[in-house]
Amino acid sequence: MAATAAASVVRYAPEDHTLPKPWKGLIDDRTGYLYFWNPETNVTQYEKPTPSLPPKFSPAVSVSSSVQVQQTDAYAPPKDDDKYSRGSERVSRFSEGGRSGPPYSNGAANGVGDSAYGAASTRVPLPSSAPASELSPEAYSRRHEITVSGGQVPPPLMSFEATGFPPELLREVLSAGFSAPTPIQAQSWPIAMQGRDIVAIAKTGSGKTLGYLIPGFLHLQRIRNDSRMGPTILVLSPTRELATQIQEEAVKFGRSSRISCTCLYGGAPKGPQLRDLERGADIVVATPGRLNDILEMRRISLRQISYLVLDEADRMLDMGFEPQIRKIVKEIPTKRQTLMYTATWPKGVRKIAADLLVNPAQVNIGNVDELVANKSITQHIEVVAPMEKQRRLEQILRSQEPGSKVIIFCSTKRMCDQLTRNLTRQFGAAAIHGDKSQPERDNVLNQFRSGRTPVLVATDVAARGLDVKDIRAVVNYDFPNGVEDYVHRIGRTGRAGATGQAFTFFGDQDSKHASDLIKILEGANQRVPPQIREMATRGGGGMNKFSRWGPPSGGRGRGGDSGYGGRGSFASRDSRSSNGWGRERERSRSPERFNRAPPPSSTGSPPRSFHETMMMKHR
C-alpha cells in the first residue's frame, strides 16, 4: 500500500576507504542524509568516525541477572510450523516487500541461521544498548519516571538482548532502526509476557503500539488457533486512522512470523472487510462502532479471543464508545489477558479498567495525576488578533526547514476547508475531517506522508489518530475546547525521541483556559507569555489592549469566517493592503469573495518557501 511506500528506505553509500572498519556509510533515500553504522555495536551516527576513535566491540550477549528474563517454553517457538502452513491464505493488506535497513549476518559464531519457526535456532547476538543497559533497573526507572504498582512486578527490560525475543522478530525490530526499547516497552513487555493484565498510562508517541503488539505475537506462538474460526487478538482503537496505523505496524513487524491482521473501521465498504474475516486473521484491529455492526451481522466470532487490547481508552470513552466496548467484551471469554493503554487517568477510565481487568499491574510513565505535555516539544503561545491569524500562520510556514511536515488544527470542518483553500496555492495544503470519505482521507494522508502535500489542515478527528513520525511542527489555529485536546494535538510532533515545535494562537475568547494552559507550560519547562499570565490573573481576556499582532477585534466565532483576516504586516499594521489581501472590511462583509486563491502580488512575490517549491514541482 501507499502507506508503506512512505517509509524510509536505507541503502549503502558508495564505499569509502577512509572509514575505519567495520563502519559503513548508509543513505536515507527519503531525506538524502548520509550517516554511519557500526554493524558490530549497532551504533549509528551522523558524524564520520575517524581511525583515532576505533569502534567499541561488545560481547555477543551479556545480560545483567537483575533484568534477565527466564527463558521458558512459554516464549519458545512452536515445535512445528503448522500454525503458518496457510501462509498463502493469510490476510495481508500490505505488500510483502523486503525489510529496509542493513542486513544482519547469518550463520556466524553464536549467530542465527535462516531457519523458520519450528527449526532449531539460537538467540541473536546483540550488542550492548549502553548507556541504558548499564543502569540498574531502579536507576533506569528513575531516569524515565517509571512507576509501577500491582504486586510483584518484574524489572524493566532495558535492552533488546534482555528480552529473549525470537531471532526473526528481533531482526524486524532492529532493521526498523530501534536501538533500545522505549520506557513503556521496557516495563510493559516483561509484565505482558507473564500473562498479566496491564494498565499503561503514557503520553502519545511513547512506543505503546509495539508495547502490546510484540507480546501479542509471542502469545500467538503459544495459542495456535485456526484463524478462520475467529481472531485470537483483538485491538480496539478510537479512530480509523489509528486503527489502520496499528494494522500497518502489526503487518510490518509480524511479517517474518507470518501473522495475519485485518482492520475493521467505519466509512468504508463492509464487503472487503468481511472477506478478510472469512479468509482468517490472527489479529483484528477495529473501531468499536464497526465491530459492533459486524457482530450484529453475526459475521465474526470473538470466542477465540484470549488477548484484548484497548488502545487510547480515554479517547474511546470521550467519544462515547463505552456502551459499544462493554457490549463487545461480553462476547469475549472471561479467561483472557487484557491490556489497556491510555494517555490520561480520569474517573471514567478507572471505572472501566476496574470492570474489565483482573488484578492488573499499573505502569505509569511520568506524572499520572496531572496532564503533562511532552518536554521534547517547544511550545510557542502567541496572543493573536483574529484578523492577523492567517498572516502569522504564513510566516510560520515560511520559517520551517525544507522537508518539514506541518499540521494545522482548526475547530470546525468549515474553518478547516476554508483555510485549506487559502493556503493551497502557496503551500500545498490538504484538509482532513469527519465529512471526508474514507478514500478521500486515505488519499490526503498518503499525500501528506509522502511530502507531496506538506501541510495538513485538520479538525480534532486527526488529533489522536494520525501517527506520522516526522512531523516538525503543529499549529493550533484555533485553541481547542480544553487543555487535554491541546496536549493531544501538540503530541503529533516530538514523537519517538524527536524534537518538535507547537505554535498556538490564543485569543480573548480562550482566556478561560489560561490558568490550565499555564500549568501545562510550566510542567514542560516552557516560557509563559506575560499576556497569558495576565489573562489568568484577572480571569478575562488579554486582547483588550493593542497587541503585537494587531488591534483589538471580536472573537473568531468558531465556525465563522472572521478568523480569516487580512494579511497585515508582521512588523507594521499600516501595510495590509500592499498585496491585495488586506481588505478586512470587505472580507467581513462578503467572505464568499475570498474563498478563491489570492491574486498575484502587485509589489512582487516574496521568495518561495520549500512548500511552494514542492507544489510547483508536483503540478
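Heads up, the Cβ atoms here are built off N, Cα and C, so glycines get one too.
For the residues Ser58, Ser136, Ser237, the entry in Swiss-Prot flags phosphoserine at a single position: Ser136. Check Swiss-Prot against the ranges 267-270, 311-314, 419-422 and you find motif 'DEAD box' recorded for 311-314. As stated in Swiss-Prot, the feature motif 'Q motif' covers range 158-186 out of the listed 158-186, 187-215, 332-360, 361-389. Remote same-chain partners of the motif 'DEAD box' (311-314), defined as residues 6 or more beyond its termini with a Cβ less than 8 Å from a stretch Cβ, comprise 208-209, 212, 235-238, 242, 246, 340-346, 348-349, 352-353, 464. Following the DSSP three-state reduction, the secondary structure of Lys208 (ATP binding site) is helix.
Each of the binding-site residues Lys203, Lys208 was ranked by the number of other C-beta atoms within 10 Å, and first place falls to Lys208. With a 10 A radius on its CB, Gly207 (ATP binding site) counts 19 other CB atoms from all the protein chains. In the domain 'Helicase C-terminal' (392-536), the DSSP tally of helix, strand and coil residues is 70 helix, 26 strand, 49 coil.
Counting residue by residue with DSSP, the motif 'DEAD box' (311-314) contains 2 helix, 1 strand, 1 coil.
Neighbours of Thr204 (ATP binding site), defined as other CB atoms within 10 A of its CB across all chains, total 21.
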